[in-house]
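Trainee: Mind having a look at this structure? Questions to follow.
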Amino acid sequence: MKFLSSRRRHKAVKPLLLVAALFLMGGLYTVAVPEQQSSADSGTSTQVEEGRALFQVGCSSCHGLNGEGTSEGPTLVGVGAASVDWQVETGRMPMAQQAEQAPKRPPVYNREEIDAMAAYVASLGPGPDIPTEAQYSPEGLSAEEIARGGELFRTNCSACHNFAGAGGALPDGKYAPSLQGVEPKHIWEALRIGPQQMPVFGPETITDEDVRTIVAYLQSLEQEPAGGLTLGNLGPVSEGLWAWIVGMGGLALFAVWIASKGARSK
Ligand code: HEC
Ligand code: HEC
């Protein structure tokens, strides 16, 4: 270490140490990052193990010991973490008794247990992941964007869920539930997994940005005071009314125009 004591050497050592430290960090980074990514995708291995244990106690009677499905319940291979999160957090699963459609209930499992079972099911095959808040949060959208959410909703969703999101009956005693008070995360998840008769709306049809506008639109419906008498609160009715006024107004103008043309050609 004697060379370090000379002043000139000492000056050169600092940048060298810096370079060495950078190399070391780079090395650590390449070692550490792939590990982080795989744990984000499919959960840590202990989490998967915990999830498997919970699953085998609470779910395997219908979904099979390895999620392969039985006559009592479908296979869960490839349904993804988002499906487990939605089904279990809305209390639909574990299904209490055989029924056409599992009703919404208070959840039976806590957050940690749901994450573990979701990680286990995700480890069986690739499927939609649980979204981050940035993917569904309606924060910071403009009035125009929310209006676009309304358009998307009327085009893609209102046939089953009704114009005001109040829900509606479907054939064979099934139903599309009311969307009032549904958490934004569950809206994202329902779109991506398409439970029961609901079609899957993938990111190529409805982007995350579009989902955010739909969430914001549904929240704007809820924020309107119930029973208000202003035009705006009547939602689809007032839109129908406007269409009528504009339509009739247009027809009247057209009639006037025809009449004036007719008068001129004489
Ligand atoms: C009594 C039987 C039963 C039990 C117990 C049960 N399920 Fe289900 N599960 C079903 C049936 C039937 C369906 C299909 C009907 C539906 O989607 O509503 C289903 C659907 C699902 C789906 C959606 C699958 C898809 O194709 O999208 C998931 C995810 C799921 N169950 C997870 C679980 C988990 C996790 C548990 C345990 C906590 C559980 N289930 C317990 C019967 C059961
Ligand atoms: C063909 C009918 C149909 C269409 C179209 C449809 N849904 Fe659904 N939706 C359903 C059914 C049925 C369920 C309930 C599934 C179940 O009980 O497992 C559902 C469930 C949901 C849920 C879950 C509600 C809860 O209680 O957690 C949300 C959110 C949702 N739909 C939103 C939408 C949106 C937004 C659209 C349009 C982009 C849409 N749906 C289009 C039939 C439909």
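The backbone N, Cα and C atoms fix where each Cβ goes, glycine too.
Bear in mind that the values here come from a model prediction, so they are computed numbers and not experimental data.
For Cys59, Cys62, His63, the entry in TrEMBL reads heme c 1 binding site. What TrEMBL records for Cys157, Cys160, His161 is heme c 2 binding site. Marked as domain 'Cytochrome c' by TrEMBL: 46-125, 144-222. Per TrEMBL, transmembrane segment is recorded for 241-260.
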Trainee: Please list, in sequence order, those binding-site residues from Cys59, Cys62, Cys157, Cys160, His161 with the Cβ less than 6 Å from ligand 1.
Mentor: Cys59, Cys62
Trainee: Cβ under 6 Å from an atom of ligand 2: which of these binding-site residues qualify? The list is Cys59, His63, Cys157.
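Mentor: Correct list: Cys157.
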Trainee: At a 10 A cut-off on CB-CB distances, which of the binding-site residues His63, His161 has the highest count?
Mentor: His63
Trainee: I'm trying to understand the geometry here, so how far is the Cα atom of His63 (heme c 1 binding site) from the Cα atom of Cys160 (heme c 2 binding site), in Å to the nearest whole number?
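Mentor: Cα of His63 (heme c 1 binding site) to Cα of Cys160 (heme c 2 binding site) measures 28 Å after rounding.
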Trainee: Using Cβ atoms only, which residues of the same chain lie under 8 Å from Cys62 (heme c 1 binding site) while being at least 6 residues apart in sequence?
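Mentor: Spatial neighbours, sequence-distant, of Cys62 (heme c 1 binding site): Thr70, Glu72, Gly73, Pro94, Met95.
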Trainee: Could you round the CA separation between Cys160 (heme c 2 binding site) and Cys59 (heme c 1 binding site) to a whole angstrom and send it over?
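Mentor: Cα-Cα distance, Cys160 (heme c 2 binding site) to Cys59 (heme c 1 binding site): 29 Å.
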Trainee: Pop the Cα-Cα gap between Cys59 (heme c 1 binding site) and His161 (heme c 2 binding site) into the table, whole Å please.
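Mentor: It is 29 Å, counting Cα to Cα.
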Trainee: Identify all same-chain residues not among Cys157, Cys160, His161 whose C-beta atom falls within 8 angstroms of the centroid of the heme c 2 site's C-beta atoms; report them in sequence order.
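Mentor: The answer, listed by sequence position, is Phe153, Asn156, Ser158, Ala159, Asn162, Gly165, Gly167, Gly168, Ala176, Leu179, Met198.
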